[in-house]
C-alpha cells in the first residue's frame, strides 16, 4: 500500500492586493519545485502588512517563503529545496538535481549585475554597468549554446556545433532552472520598464532558453504579474539624472 503523502503547504509573499502572488523569486523557485515534483500541495499568499494569527504561530517573524510539511515548518529557501529533493524522491517522485555541477552556477551572477545596473542613478556609470550585465548574459549564452558532455559523441570526429537543449542541464527542468528562471524573468521585466533595455537577439541561447521556459506551465503559471514586479522595483530602480 502506498504511503500516504503528508499535507504540503507553501506560504509565499502576496502581491499589492494582499491576495495574488507577489514579486519574490525565492517563492517562485519553491512553487516550481513542488509543481515539478508532481506532489499535491497548496499555496497560501501572505500579506506582509497583515500577517494572520495562524501564520504568526506557524512561523513567528519568519521570512517568506516557508513550507509546512505535515506538522513540520521549514524555513530558508535552500534548505527547503534540499529537504524536498530528499523526501520527495524516486521512485514515486522525480529527481530534480542537475547532472552537471556547472548548470547550478550558470548565470548566477546576472542578478547581481542587474541590481547594480538598475540601482544606479549616475548617467556616467550607466554604460559600464550595462556592459557588466551584458557580459554576464553572454557567459550564460555561451553555456546554453555549448554542448553538455552527454550531447557529445566521443566516436565522431565532427565538431558537435551548437547545443539545442531546452534548459540549463538538458531537455527537462531541474533545480538549477528553478533558481535561475525567476530571476531572469525579473531582469527582463524591470530592465525593459525602467531602462528600455532588452536582452540582445544575438544571445540566441538565452532567447531559446526563455522561450522554452515560458512554454512550460510550471514556470509561466508561477510568474507574478509584470505589474507586481514593476511595482516592487518602483523605488529600487533609480532614474538616471
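Please read every residue number as a count from 1 along the shown chain.
Glycine is no exception: its Cβ is also placed from the backbone N, Cα and C atoms.
Note that the structure is predicted; figures quoted are calculated from it, not measured.
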Swiss-Prot annotation (transmembrane segment) - matching range among 26-46, 47-67: 26-46
Range annotated as motif 'G-site' in Swiss-Prot, from 24-27, 68-71, 72-75, 76-79: 24-27
Candidate annotated in Swiss-Prot as N6-acetyllysine, out of 13, 95, 193: 13
Densest Cβ neighbourhood among 24, 59, 64 (recorded positions), 10 Å radius: 24
Helix, strand or coil at residue 131 (N6-acetyllysine) [DSSP, three-state]: helix
Lowest local Cβ density (other Cβ within 10 Å) among modified residues: 13, 131: 131
